[in-house]
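Swiss-Prot has this to say about the protein:
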BINDING   Lys11, Phe59, Arg87, Thr93, Arg104, Asn114  ATP binding site
ACT_SITE  His117  active site, pros-phosphohistidine intermediate
Amino acid sequence: MIKERTFLAIKPDGVQRGYIAEIIGRFEKKGFKLVGLKQLIPSKQLAQDHYGVHRERPFFKDLVNFISSGPVVAMIWEGEGVILSARKIIGATKPLEAEPGTIRGDLAIDIGRNIIHGSDGEETAKFEINLWFDQHEICDWETSDSEWRVES
């Protein structure tokens, strides 16, 4: 049985500032399972496809340029309620509105440099996972403590 999955990406500012381990640790501690992980410098085309919903917005070009300016850590996380939980762990898009204890509330200041991207729903997650990962890059595995994470 496939559990809920979401796509997360540590943006170039998060990578440059050395937050990869801290961010991954927050999701591991919550009990989610990492099933896809890679670091890459996204092409402009990948960035445009990823943020296509914002194509007509005035910030689109700057967003594409930023995301493709340096390394991004792309991840697929799996677990019960992972999409909503990830959104809560990440915090509000505008870091100054993000609650303390969230990634953006603790680590980010500016909306244009808000450290991390997370899928906002099930359909978006499926689209983003398929955009960033080939099927052979996804590891379907079971944790040895899965029975202790959620009630059956």
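Backbone N, Cα and C define each Cβ position, glycine as well.
On a predicted model such as this, the values are computed, not experimentally measured, just so you know.
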Cβ neighbour count within 10 Å of Thr93 (ATP binding site): 15
Would you mind listing, in sequence order, the residues at least six apart from Asn114 (ATP binding site) in the same chain with a Cβ closer than 8 Å to its Cβ? Lys11, Asp13, Thr93, Lys94, Pro95, Arg104, Ala108
Top of the binding-site residues Arg87, Arg104 by count of other CB atoms within 10 A is Arg104
The residue listed as 'active site, pros-phosphohistidine intermediate' versus Phe59 (ATP binding site) - Cα distance in angstrom: 16
Roughly how many angstrom lie between the C-alpha atoms of Arg87 (ATP binding site) and His117 (active site, pros-phosphohistidine intermediate)? 9
When the recorded positions Lys11, His117 are compared by other Cβ atoms within 10 Å, fewest goes to His117
Starting from the Cβ of Phe59 (ATP binding site), draw a 10 Å sphere and report how many other Cβ atoms land inside it. 12
Given that the record lists Lys11, Phe59, Arg87, Thr93, Arg104, Asn114 as binding ATP, what is the largest C-alpha to C-alpha distance among them, in Å? 22
